[in-house]
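To keep things clear, I will list the structure first and then write my remarks on it.
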Amino acid sequence: MPDADRRDMQEKGFLNHTADKEQQPLPGRSNHTGKLPQAEKKLQEAVCVLLVELCERFTFFGIVCNMILFCTVKLGYHSYQAAMVNMCFVGTSTLTPVLVGWLAEYLVGRIKLVCICMFLHFLGTALLPVVSFPFEDVHIDRRHILHTLPKREQKIVFYFALLTASLGIGGIRAIVCPLSAYSLEDCGLKELLSFFNWFHWLVNLNSAVVFVSISYIQQSVARNLGFLIPFVSGLMAMITIHMVRGEMIYKPRTDSSLLTTFGVIFSALKTCCLRNRYLSVGLASWLDHAKENHGGHYSETQVEGTKSLARLFPLFAFQVLYRTCIMQIPSGYYLQTMNSNLHFSGFVLPVAAMNVISIVPLLILVPILECINSWLFSSKNNGHSPTIYIVVGHLCAALSVLVAGFSEMHRKHFPQVEQTLSQEVLLVSSMPCFHLAPQYILLGVAEALVTPSCSLLSFQLVPERMRGISMHFLALFNGAGCFMGAFFVQTAHAGTQGNWFPHLLHEGKLERFFFFLASLMMVNTLGFWTIAHRY
């Protein structure tokens, strides 16, 4: 295809080939960057990638932190609708890196696509303040001016802004900040686990700052200006990308792709169906039917890589329900907190600030886990497996949702009081919001144990050329968990006429929804425990 070749040749002048094992120096490329020592150059690249990653996460968490409050108070949504919107946005932002990565590889090209995604990111974060108008404190010629949008147009702009922002987030995560850009090819098991632990530690430290600062600004100081902060953060990220684009646009290897993996699977299934050999004893795996010497269309290397990836599918599948439990923090738990007493020593706490309680255990546990891992890897027993962390983390998630159910029952025993949030008077329980802390802490412990371990297994148990595809599949299943959470909320509300996920929590039985989810998560934990020995 001459057009594709021409586009690839044009991009090679811009792309930075950071991994020596995967890329070759380009003829005719300016060598001015070679004056810097190689170690210093790699350090600058890693710092720049990390800064953009933190700016992007700052934008993402700034949008998510008070979306339910905005949807219920400003857009007039019911509680279950606001929870679904929040979970769908998180799920879309999780899935878009997979889509954008495929577009960059096959259709548009990485340089063009990163510019498009930066524009979409800018557009989405710029439109969010438009939705949050009016600015009530604007006065012109002694007249009080209100810049308002009708509800219908406001919702259209809101959804369009969320969609464009999620596409921009996907582009930054997929093209600018993939894990491959951190040059992890030569790292051993101990170094990889340490990297994932500290990487998620930094991301969560960033989110803690967001939940405390932005949530307070949005809720108390200047609620209509709150969405300007994600806009400024996104602008900072785009400026950083523009300034150092030569060092940040990473080009991975192209000898394996998501489409190739799906092609191997479908080819093997097609061959099995045509030959009626689902349980063929002549082949070690049903995926071997996709090999060229068995009537398929793919090479030995491609099929073997897909087989190593297919081994991780059970691990990925058991993360779906776990991710649904984690999504209770910006949905069910948020609603519980919003309907509790937020007053503390004469100060009204931001609703999203309670999320910090789930982050603190992670910030504390990561250094402790680092010490434990160092001791385990330095001892003579090298049979340490991260799966034990995942099992314990899943158990903590199940216990967290169970505790949330009992907390909801406990919350209803307190008399109701009036509470002002975003200049709207709400009738809430007088139970202090800190009574909900145990469920947040348990989910924080679960995240500290599960997320780095899953990332490590997804990265370590596949060949080097398949690592990017493996992380894409992990993202697909995590995104599926977010959408499953929205599906559960919709089903619970519709199936019980709003009783299990009510708009006014004191009029329904939200605890039954939590008990149902906790029972599913307990079964999920037992199921993963039975297969954990495979990893």
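Any Cβ shown, glycine's included, is placed from N, Cα and C.
Unlike curated entries, TrEMBL annotations are predicted automatically.
TrEMBL lists 1-11 with the feature compositional bias 'Basic and acidic residues'.
The region 'Disordered' annotation in TrEMBL covers 1-35.
Positions annotated as transmembrane segment by TrEMBL: 58-77 (among others).
Sequence-remote contacts of a segment are chain residues at least 6 beyond its ends whose Cβ falls under 8 Å from one of its Cβ atoms, and for the transmembrane segment (84-104) they are 60, 63-64, 67-68, 71, 77, 110, 113-114, 117, 162-163, 165-167, 169-171, 173-175, 178, 257-259, 327, 330-331, 334, 468, 472, 475-476, 478-483, 485-486, 489-490. The transmembrane segment feature in TrEMBL is assigned to 84-104 (among others).
The transmembrane segment annotation in TrEMBL covers 110-135 (among others).
Remote same-chain partners of the transmembrane segment (156-176), defined as residues 6 or more beyond its termini with a Cβ less than 8 Å from a stretch Cβ, comprise 49, 52, 56, 59-60, 63, 75, 85, 89, 92-93, 95-101, 104, 110, 113-114, 116-125, 127-128, 130-131, 149, 230, 234, 237, 241, 248-250. Feature annotation from TrEMBL assigns transmembrane segment to 156-176 (among others).
Summarising the annotation, TrEMBL assigns transmembrane segment to 198-217 (among others).
What TrEMBL records for 224-244 (among others) is transmembrane segment.
Look at TrEMBL and you will find 312-335 (among others) tagged as transmembrane segment.
According to TrEMBL, the feature transmembrane segment maps to 347-368 (among others). Listed as Cβ neighbours of the transmembrane segment (347-368) (distance under 8 Å, sequence separation of 6 or more from its ends, same chain) are residues 65-66, 69, 197-198, 200-201, 204-205, 207-208, 211-212, 214-216, 218-220, 329-330, 333-334, 337-338, 419-421, 433, 436-437, 440-441, 443-445, 447-449.
TrEMBL lists 388-406 (among others) with the feature transmembrane segment.
As annotated by TrEMBL, transmembrane segment applies to 473-493 (among others).
The transmembrane segment feature in TrEMBL is assigned to 513-532 (among others). Remote same-chain partners of the transmembrane segment (513-532), defined as residues 6 or more beyond its termini with a Cβ less than 8 Å from a stretch Cβ, comprise 314-315, 318, 321-322, 324-325, 328, 332, 385, 387-388, 390-391, 394-395, 397-399, 401-402, 404-405, 408, 488-489, 492, 500-501.
Taking Cβ pairs closer than 8 Å, the transmembrane segment (388-406) reaches residues 318, 322, 325-326, 328, 332-333, 336, 369, 436, 438-440, 442-443, 445-450, 452-454, 511-512, 514-515, 517-518, 521-522, 524-525, 528-529, 532 in its own chain, all 6 or more past its ends.
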